[in-house]
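These notes concern the structure reproduced below.
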Amino acid sequence: MISENLGENQTEKIPLKGRTLKELSEIMITLGEKPFRAKQIYHGLYVNRYETWDQFTTFSKIFKEKLEELCSLTHLQVVKQLKSVDGTQKFTFTSESGNGKEFEAVWIPSGDGGRKTICISSQIGCTLNCKFCATAKLEFQGNLKAHEIVDQILQVEKIVGDKATNVVFMGMGEPLHNYFNVIRAASIFHDPDALNLGAKRITISTSGVVNGIRRFIENKEPYNFAISLNHPDPKGRLQIMDIEEKFSLPELLQAAKDFTRELKRRITFEYVMIPGVNMGFENANKLVKIAKSLDCKINVIPLNTEFFGWRRPTREEIAEFIALLEPAGVPILNRRSPGKDIFGACGMLASKS
């Protein structure tokens, strides 16, 4: 695995951030060093949050010079930081190389001092065209590397001076289109010797990449899993999510059922409410039937963008739709939209200020 992310060419320094302990051990051996050095670097990066070799005070000058020459501790640059009236903060990052490619992460405090969530990106832009999502309007510029995913959390926590209790892969991009780097980053978040977040506090979301879901099941990944459903009917879903062309709703629901059966864990369906598109009695009834067929919960999310003349549902419309879903007998959460005033709410990440 070492060679996968050495850089754009073999003359680049080896990035060490975003590496698992096993990978760091392999790198140290490749460099002619003892494997225990990997544990020291791993602890320094993820527990002490070191960003320069000078901070590794127990390392000899010769060893630090060697690391400086061959390896990098590259970290993200914050090019913009916006704070909402509700305490949510949005961070726009670019890589240390200064390539001009920007992506975003959002710090979402609960307000009561309890839950503190970081919503992170997995790609720069997105290849999919979910019509309610601002990120879909951006040019796709590639997958984020593991260290760019991990460092979103490290940099946000450093700036806000607090630690996240939860991490959600619900920012820019389709996480399962960057499976390797997303799972590697999640494993670092989960590792007790790194960020030490419980698996149930890490949520990976997908628009419905069925082969990625099956890979997730096969690998028995321990993390929470969410599917962006948004319509209970294949034809209706195709009108708002082009992924329906490749992975049909019946295929997706079968994968979801296999997930709950084989991993024995509940799955979350996310449902962006769009008046006149996917709400009303008929759609609610179909969604109830889906929910009754497997172990799930439903997160309903008011539309935050205004494409195609669509509008955000009123409180009354939201309450009415939720009431129609109650016969499903599953947990239903009306997810609030923090950070809407800074374009940091669900579906709004597009580097807009």
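For all residues, glycine too, the Cβ spot is worked out from N, Cα and C.
Secondary structure from DSSP puts Glu104 (active site, proton acceptor) in a beta strand. In this view, Glu104 (active site, proton acceptor) is surrounded by 25 other Cβ atoms within 10 Å of its Cβ, with every protein chain counted. Among the features that Swiss-Prot reports, active site, proton acceptor is placed at Glu104.
DSSP assigns Cys346 (active site, S-methylcysteine intermediate) to coil in the three-state reduction, outside any helix or strand. What Swiss-Prot records for Cys346 is active site, S-methylcysteine intermediate.
Cys130 ([4Fe-4S] cluster binding site) is surrounded by 19 other CB atoms, counting those within 10 A of its CB over all protein chains shown. Annotated [4Fe-4S] cluster binding site per Swiss-Prot: Cys126, Cys130, Cys133, in sequence order.
Marked as S-adenosyl-L-methionine binding site by Swiss-Prot on the basis of sequence analysis: Gly173, Glu174, Ser205, Ser228, Leu229, Asn230, Asn304. Other Cβ atoms within 10 Å of the Cβ of Ser205 (S-adenosyl-L-methionine binding site) number 20 in total over all chains.
Among the features that Swiss-Prot reports, disulfide bond is placed at Cys119-Cys346. Summarising the environment of Cys119 (disulfide bond), the number of other Cβ atoms within 10 Å of its Cβ, over all protein chains shown, is 29.
Under the heading domain 'Radical SAM core', Swiss-Prot lists 112-341, citing sequence analysis as support.
Using a 10 angstroms CA-CA radius around Cys133 ([4Fe-4S] cluster binding site), the recorded positions that qualify from Ser205, Leu229, Asn304, Cys346 are Asn304, Cys346. Reduced to three states, the DSSP call for Glu174 (S-adenosyl-L-methionine binding site) is coil.
Distance noted between the C-alpha atoms of Asn304 (S-adenosyl-L-methionine binding site) and Cys346 (active site, S-methylcysteine intermediate) is 7 Å. Ser228 (S-adenosyl-L-methionine binding site) and Cys130 ([4Fe-4S] cluster binding site) have their C-alpha atoms 10 Å apart, to the nearest angstrom. Here the binding-site residues are Asn230, Asn304, and the one whose Cβ sees the fewest other Cβ atoms within 10 Å is Asn304. The 10 Å shell around the Cβ of Cys133 ([4Fe-4S] cluster binding site) contains 26 further Cβ atoms across the protein chains shown. Cα spacing between Gly173 (S-adenosyl-L-methionine binding site) and Cys126 ([4Fe-4S] cluster binding site): 5 Å, rounded to the nearest whole number.
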